[in-house]
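Comments concern the structure below.
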Amino acid sequence: MSRMAEQQLYIHGGYTSATSGRTFETINPANGNVLATVQAAGREDVDRAVKSAQQGQKIWAAMTAMERSRILRRAVDILRERNDELAKLETLDTGKAYSETSTVDIVTGADVLEYYAGLIPALEGSQIPLRETSFVYTRREPLGVVAGIGAWNYPIQIALWKSAPALAAGNAMIFKPSEVTPLTALKLAEIYSEAGLPDGVFNVLPGGGAETGQYLTEHPGIAKVSFTGGVASGKKVMANSAASSLKEVTMELGGKSPLIVFDDADLDLAADIAMMANFFSSGQVCTNGTRVFVPAKCKAAFEQKILARVERIRAGDVFDPQTNFGPLVSFPHRDNVLRYIAKGKEEGARVLCGGDVLKGDGFDNGAWVAPTVFTDCRDEMTIVREEIFGPVMSLLTYESEDEVIRRANDTDYGLAAGIVTADLNRAHRVMHQLEAGICWINTWGESPAEMPVGGYKHSGIGRENGVMTLQSYTQVKSIQVEMAKFQSIF
C-alpha cells in the first residue's frame, strides 16, 4: 500500500488542521513501512473540540430517544457495509492478521453500538410516592461532554466500546486514539457523520498521551474520562481528572490473569483454551491468561499438547486468510517483550518453544516475536509477576485447590480469570473466590455487548458494556413535587 495522505484532526463533522504544528508517523509493524504522517492535537485544538462538542451535545440530547437510536443503527449498518475496508486498514495499522480484524474487530464493535442503540428508549427514570400529596421522580440526564482515551491493541473496537454508551446516553465524546494506531478512529468519525450524528458529537484528536491526553483529562469542560491502557498511565489520568474538576472516570487497565486447569479437565480442551488465552492477537490482549496453572501430575502431558498446538500457528503475510498470527504492534513494544523473554531465561524459566524473534523471508523487517512458552516457572519470576502484553505463556504447577486459589490471587491485578474443569460445582466454588472482574469457565476471551467487563484491584474502575455502563454515562436528578399547600415554620 502506498503512503496515505497526511491525517488531520476530526472536529465538528470534518477534517481540520492541528494548530500545534506537531506530527508523528504511524508504522506498519509487519514490514516497517510508514503508513501516514498524522497531525497531533495541541491545547488549542482540545479547546476547539470541547466547544464543538458542547454545541453538538445540546442538539443531540434534545433529540428523541428513537431519533438517536435510528442514527446509531444507521452507523451500525455503515460499519458492516465497510467491514472489509476498515479491517484492511486496521491490519495495516496494528499488524493483526486480516483473518482476525475482518471477523472480530469491526464486527464486535458494531455489535456493541447496535446493543446500545436498542437500549436508548429504555433509559428512563423512576417515580417514588411519598404521601398522598407528594411524590419524587427521577431523570437520567447526560453528563455532557466526555472523553475517551483508547489503547493501541483494538483501536476501532475500543472507540466503539467507549462511544456507543456515551452517545446513547445523550453525551458528546472527544476520542483520543493511541498514537501507535490512530487511523480507524478517524474513519469511525466519518461514519458517525455519514449516519447523521450532529457535528461535534464525536470528535477525534490524535496525539500523544503526555500532551493531547493530558490536555483532555485536565480540561474543565469534560465531565468524564474513559481510559484504556496501563496502570501507571491510568493513575496519572485519575489524578489529573480529579485535580481539574473531579471528573468521573472509567479505567480499564492491565492484567496478569490466571488460567487454572484442574486434574479432571479435558487436557485437549484446556490446551485449546490456553492457546487462545495467550496467542490470540499475538498476545496483545489485556485479559490474556498468561499464568497457566496445571496440576503437577499433568504437567508433561499438558506441555506436549501445547507444543503440538504451537505448531499450528501460522505467521506470515497478514493478508493471507490462512495466517493467524501477526507481528507485535510496534518495534519499541517488540523490544520490550524481548527484554521480558530475556529476563525469564535469566531467572531460570525453561523455554519450551520460541524465545526469540521470528527470522527469515518476510519477517526480518517487521516487529515479529515467536510464540513463546516458558515452563518450570515460579511465582516470584518477573515474567509471572508483570504484564508483558505479548505472545509469552508461563506454565506453573500446583498440588491443591486451596494452593492454586491463593497463588492465582497473589497479584496486584484482577482483570480476568479462567477455570477448566469437568466439575461445575468446583468451577463455581473456585470462581467465587478468585479476585477478578471478567471470568470464564471452560472457555476464554468472549466479551459480548451484554456482559459488563472490567477489573478488580489495579486492573480498573468501572465497567464497559452491559446496561450499567449506559447508566454510568448519566447523572440522576431527583425532583420532589408537592401538591398540598407548603407549610413554613416561620
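Glycine is treated like the rest: Cβ placed from N, Cα and C.
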Additional site residue, ASP77, ASP84, ASP93 [criterion: listed by Swiss-Prot with THR26, ILE27, VAL180 for K(+) 1]: ASP93
Swiss-Prot annotation, NAD(+) site containing GLY150, ALA151, TRP152, LYS176, PRO177, SER178, GLU179, GLY230, VAL231, ALA232, SER233, GLY254, GLU387 - matching residue among CYS286, CYS377: CYS286
Count of other CB atoms lying within 10 Å of the CB belonging to GLY150 (NAD(+) binding site): 26
Which recorded positions sit within 10 Å of GLY460 (K(+) 2 binding site) - Cα, from LYS162, VAL180, VAL231, GLU252: VAL231, GLU252
Nearest of the recorded positions (LYS162, VAL180, LEU246, GLU248, GLU464) to CYS286 (NAD(+) binding site), judged by Cα-Cα distance: GLU464
Residue among binding-site residues ILE27, VAL180, LEU246 with least C-beta crowding, 10 angstrom cut-off: LEU246
Rounded inter-Cα distance in Å - VAL180 (K(+) 1 binding site), TRP152 (NAD(+) binding site): 6
Beyond the site residues THR26, ILE27, ASP93, VAL180: chain residues whose C-beta lies within 8 Å of the centroid, for K(+) 1: GLU25, ASN28, PRO29, LEU35, THR94, TRP152, GLU179, THR181, PRO182, LEU183, VAL329, SER330
